[in-house]
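Annotated features in Swiss-Prot:
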- 2-60: domain 'TGS' (DOMAIN)
- 260-567: region 'Catalytic' (REGION)
- C366, H417, H544: Zn(2+) binding site (BINDING)
Amino acid sequence: MSEPKNILLTVDGELREVTHGTTGLDLFREKPTTAVMRVDGLLWDLAREIPAGASVESVDITEPEGLEVLRHSTAHVMAQAVQQLRPGAKLGIGPYITDGFYFDFDVDDPFTPEDLKQISSLMQKIVKSGQAFRRRVVDEETARAEMADEPYKLELLGKKDAADTAGEGASVEVGAGEITIYDNVDRKTGDAVWCDLCRGPHLPSTKLIGNGFALTRSAAAYWLGNEKNKQLQRIYGTAWASKDDLKAYQERLAEAERRDHRKLGAELDLFSFPDELGSGLPVFHPRGGIIRKEMEDYSRRRHTEAGYEFVYTPHITKQHLYEVSGHLDWYANGMFPPMHIDEVRDPETGEITRQGQNYYLKPMNCPMHNLIYRSRGRSYRELPLRLFEFGSVYRYEKSGVVHGLTRVRGMTQDDAHIYCTREQMKEELTTTLNFVLDLLKDYGLNDFHLELSTKDPEKFVGSDEIWEEATRTLAEVAEASGLQLVPDPGGAAFYGPKISVQARDAIGRTWQMSTIQLDFNLPERFDLEYQAADGTRQRPVMIHRALFGSIERFLGVLTEHYAGAFPAWLAPEQVVAIPVAEAFNDYLDDVVAKLRAEGIRARLDDSSDRFPKKIRTAAKEKAPFVLIAGGEDREAGAVSFRFRDGTQDNGVPVEEAIERIVKAVREREVTP
């Protein structure tokens, strides 16, 4: 039976009749910036024929999914250029990542900055030549024959059915479905000039890449992210829909570098990372300690007002606790090795006369909070019970991923665990989310969206029914908030789904902040109960909640958000008083004393430095308020304000100046 000449499609929401064999290139010829198409919800190359009855949408290169395809295609062009310049280079993987892409290579020598320039220059020629990306479906035998000289591709073919768990980026190359190879095809001859094992999709032509790409750096990387594997050389790059978009991104990067909390932490004398302590273990200096204490003190106050009760737990515990909780089954790789202690041996024979025990540094506070709940009988009248702790936890992070304060090995979590009835669950989740958002706003973050992390089918405890109920409840609470909700399939911890609050900072970057996790499983594992109103014993629901994530990480984020210019209530030094000349030291010293009496952190700069240098020093230290006084000020009983932005307010009466400063601190105003 012959194929029908015409078929019906839904194209960008409109029903259309087209000829059989129509491709995305045919449909979207009038939309030259279309990167790929979405066919029944899946991304396809534009060159593919569209089946009858399909729903088809164009995806522009400026859209998030379009940018991902652009970056993936640019990674292929980069790999082609590398193999032209270094014919012996073996291909690893080359996925898109946030704002960019990378490709791994097995090469004899690391790439140099000069190499990156040559690669980039050749990429520009490939882009201008307008090579087509051609998709081919092949069987495994054909794929192995074509990839015979690419050992890493052959390894991936062997992991085809488990690519999602095979390692970093493997799922970009192969998966449980078809095996596909993408050719880069010379426009003039029609010959394939380069190919790679890849699931795609890709742009229709290299010309669509344009000139909005750049190679950023090279680094060593273990194959599939496993440090037991061979170390390869990785080239990172970024790609955007236009040169202007690339320039804007590079400007954001430069601004992010200026705001880097590691640099500012050293410049402002806030914290450091002594080699003697080890990777990921920061120490806070007095100035940083002030900020941290202010953060903690305000958080404690707000938690007290919200009905939380404070608890304290130790830093180590016997192994059995984490066997009960499931952490040793599901989280062992994130824990430090055990300490084996209390073993006794006969001094003469060396034989063990008393068995020792394994103790672990705690990676999480929840098991210990469960023990507090279980320490006595509980009644429904006590619920919801909200336990809160600034609890120190220790997590083994590979040295390569440790990063300043935002990825550490020893951290302090503002950790709360809420125990409630199922009837209270939804209201408590709503209250908790609102509390989290309000408190983050008090610290100066105001732009949020939510992410819902759901079950990893390979890594969870409890029944599917319990997970479905927990996920549904969290989704309802998140949607009721009115904030954008983004799915994160498989991103939950092993014991329950979670909402995470994503906050946008001053330069538009998104940070994961607070997490709210619903858990029916740990109460079961710890046999937690309460006596219900009808006298029966019931299982409570447990809500895990970390507001800052960790104190360390949150301080790192705030340092970059404010570029070190903290609002007055958080600033280590809130006021620096600078006399125009030494003769006015005593006058300003009296002003400083009055400010200190109001609880303001104020200092008189009576150093021997000249006046201009004192002003520069205060600006460098990012003091919120600089008070200046000379002869006219003393005669009028006034001071002059100098603000961070260089503006001044002269001749302000001392009492008014003190009142303004106290108000700014107590009302947590953002100072200029």
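One is the number of the first residue shown, and numbering goes on along the chain from there.
Using N, Cα and C of the backbone, Cβ positions are placed for all residues, glycine too.
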Would you mind ranking the binding-site residues H417, H544 by how many other Cβ atoms sit within 10 Å of each Cβ and giving me the lowest? H544
Please list, for the domain 'TGS' (2-60), how many residues fall into helix, strand and coil according to DSSP. 4 helix, 29 strand, 26 coil
In all the protein chains shown, the tally of other Cβ atoms within 10 Å of the Cβ of C366 (Zn(2+) binding site) is 22
Could you name the residues, excluding C366, H417, H544, of the same chain that surround the Zn(2+) site, i.e. Cβ within 8 Å of the Cβ centre of those residues, in sequence order? M364, N365, H369, N370, D415, A416, Q517, D519, L522, M542, I543, R545
